[in-house]
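As written in Swiss-Prot, here are the features:
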type	residues	note
DOMAIN	43-229	domain 'Helicase ATP-binding'
BINDING	56, 57, 58, 59, 60, 61, 62, 63	ATP binding site
MOTIF	167-170	motif 'DEAH box'
DOMAIN	253-459	domain 'Helicase C-terminal'
TRANSMEM	521-541	transmembrane segment
C-alpha cells in the first residue's frame, strides 16, 4: 500500500508558494506548532489561533495519518511503549460507529505506526463499543464528544483534550451542527477569560473531502490562511457514465455487478471487490437475494462465485457474519456452491451497504463502486410535525464520498446508475438535518446555549449561532411544543426556561416529549421504569410495533404470543387472551411494554437457572416469539440510557418500581393503565386526534387528518400518537400518506381537553419578545379552568367562587411548588399539573378517569353527557368487571358522581354539589361517609342510584340516573 498523499510532497494548495512542495503533514504540524505557546507561539487571542480547516481529497490520509501525527505533537513517537502516556488526549470524531472502530483497529495494527498500540495509545469510544486508553488518540463517534460537551465544563474538556479533530465535518447531522456550536461557544468563553483560560484551549481541526470552506470559515470567523487544501487520491478512478437512466435501480445494480464479475473474471482476489450502495435495509435484502440467485447462474456456468455481504449499522453493532467477512482477508473466506453445496474460494466480495460505508472506511481490496444515487433520510414537515424516511437523490458531495472509496491502493472504477446530465442537476451539498428535520431533540440545548450569550438571560431566535439556524416554522413548532410541555415560558423580556425546562436541558438526548413524559411519571406516581420502557419501544420500533417482528409478513396478530409473555399473571388465563388484552388496553405502547416485560422475564429466568450462553437462549426465545433479537437488545440499551439520564440529573429512576404495570393485580391494573396513559397524553398532547363521524377521519388541531382502523377497537373518539408518519402510497410514485406511528386510545382513561384540540390560531410574535396581550374572552362554561393551569396548589377548602375566579382564567403559581413536590406529592394537594385542562362535558361513550375535576354547572344543558364531581380516587379501586359493568350502565342522562372525603375539601364539594343540583336544602351538619346518606340526598333531587362501590370508609363511587 502506497503512502497517503499527506505524507508525499507536492500536494499542497492555498499555501505560500515556497511551501507548495512541502510534505503536507509536515506543513500542517508546523502550522499548528507555531500557534502553541509550548512551542514558542503566542497566547491565543482569537478563534483564528485555534481553528484549522483541512480540505483533503479522499484517500489522502486525513483520517489516519493526520490524527497520529497530531498526537505525536504531544508524545514523541520514539517514546518506549511501556511508558504510560499521562498527557491530554486527541479526539478524532467520526460520523459512524463503523469508521470509528475500524480506524482505531487499523492504526493499532499498522506497521507504519509502531508507537500506536490499541488500548494503550490509540482506541475507540462509541455508544455500543469501547476500547480505549485513558489518555491517547481516541476515535469516537460525534455523539460521544457531543455528550461530553453537553455535560462537562469548559475546564474539564480542556483538561481532557488538547486537540479535537472533527473528521467528515461536511456532514450536517443535528448532533454535528450542535457539536460545532458547543465548540465555538467554548472557545469564545475561554478566550474571554484572557491568558488564564487561553493557555489550555483545545486546538480544533475540521477535515473533509467536500467541506464548504467559505461557509465554515465564515462561521468561525477565520481567514484563508486557516484553510489548507490537500490533493488526495494517489490512483485514478474511471467513471462509467450510462447512456440512459434506470427505472429499477436494484435490478440494474445486480446486472451491473454481474457484468463486472464476468468481464473481469481474471481479477486478482486482492483487487476485485465490489461495493454497492443502497438507501435502506429493504433494498439491501432484495439485492442480496438477486445476487445470490446470480451465484446460482454462475455455478451452472462453472464460473467463480461471489461472496455477498449485506452491511448496515445493525450488522456492525452485532459484528455479525457479514461484518466479520468484511474485515477478514479474502484468502480466509469461503462461499457455498448453490449446486453442489460444497464450499469454495470466492473470486470477490460484493458488499451491499447503506451509507455506513460512505465515509472513512478503507477496504484495501475494493476496486469497483456501484452507486444508484439515492439517499434516504428523515424529513419533518411543520407545523404539522409529520415526518418519515424520504428517499431523494444524493447530493454531489455524497456521491464524491462514495466514489472516493476506490482508487486508494490501486486504480478503481465508479459505476453510477444515472447519467452525467442527472449528476450535474442535483444539489452540490446535502441539506443540513436542521433544515430537513428541524431542531428536534437538540432544541433545548440550542435554547440553553443561546441564553448563555444573552445578557438578559432570555432566548431570542435571532441570536441562535449555528451554521444554519432552524427554519422559522420548525422553530415556532419547537417553541410551541416546549411551552405546552411546561419547559419554556414567556417572561417579560422574552422566552425563558422554566425550572422543569432547566432539568430537561440537562438530558443529553431526550426530546421535549420524552422529558415531559418522564416528569409526568413522577407527577402521577407512575413506575418510571415503565415510562422508560415505553419511550425505548417508541425509539426502536420507530413506526409500528410490528417492526419488532422478525418476519417479512408482519401483522398485529403475530404479536400475540410476545405480548402475552409479559402480561400480569391474573390476566394470563382468560379466554381469547390477546384479543381481550388488546381491547382492554387499547394501546400499542402498553403492548410494547408487555413485549419487553416478556423479554425481561426470559433474561431473569435464564440467569436464575444459570444456563450457559444466555444470549443464545435469548435468541431462541425471540425466534419462538417471532421477535427481532437485535431490536429487543436495542430497547434494553435505550431503556438503560434513559434511566441513567434520569439518575444523572438527580431523579430517582426506580421511582414507584413496585407499581409497575406487569406486577399489577385485578384491583390495581386499571389504575396503572390510566396513569401511564395520562403520562402519554401529557407528553404528546399536540398529537391528540378526535374522530370525525362525518368525514370518517381523525383530525387534529393543526388541521391534518388521517384514517385509522383497528380490527377490534372500532373508531375510538380520541387517540394520541407519539408522531405522525409519512408512509409511501406506492413504490412507483413519490406520494405519501399520513398515519399515526403508535396509537393510545384515551376514551375512558384520560380527561382530554377538547378545547385544546380545536384548530389552532396563529400565535403572534412567537419568535420575538413578550408583548402586551389583550385579555381573552371567557371560554364556554364547560371549560371552567383555562387549558394552561400552571402547577399544583393547595386548595384549603375554598371554592373557585371564593377565589374570585372566572371561566377561562389562567392561574399562575410559583413553579418551585411543583419542583419541590417531586417525587412525593402530598395527598392533600389538588393534583392539577402543568398544562392540565379541566372541563366537564363529554360524550356518554367515554368513562373519564381524571385526577382533578371541578365544575360550575349553573345553566348547563346536559345533553349526551356524563357529569363528574369530585376527585375520583375511588375510581382507581374499580376492578375490570366493575369497569365493564359501569361502562354499559352509563346513559346520556346519567350522572356520575365520584367523591373523595378529604376533610379540608368537604365544604367545597358540598357547595359544588348544591350548585350542581340546584338544591339548597343540603344539611351542612350531615356526615357524608356512607353510600346511603349520599343516596338520600340524590333521591331528593330526582336521581336514582344505579351503581355504587365503597372501597374504603373515606372513598365513595356512585352512579346516578336522572
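Every residue, even glycine, has its Cβ placed from backbone N, Cα and C.
The local packing around residue 63 (ATP binding site), expressed as other Cβ atoms within 10 Å of its Cβ over all shown chains, amounts to 28. Cβ atoms under 8 Å from those of the motif 'DEAH box' (167-170) belong to residues 53, 62-63, 92-95, 176, 180, 206-212, 216, 359-360, 397, 429-430 of the same chain, restricted to positions at least 6 beyond its ends. Looking only at the binding-site residues 58, 60, the densest Cβ neighbourhood within 10 Å occurs at 60.
Taking a C-beta cut-off of under 8 angstroms and a sequence separation of 6 or more, residue 61 (ATP binding site) has the following same-chain neighbours: 3, 4, 5, 6, 7, 25. Fewest other C-beta atoms within 10 angstroms, among the binding-site residues 57, 62, are seen around 57. Packing around residue 59 (ATP binding site) is summarised by its Cβ count: 26 other Cβ atoms lie within 10 angstroms of its Cβ, all protein chains included.
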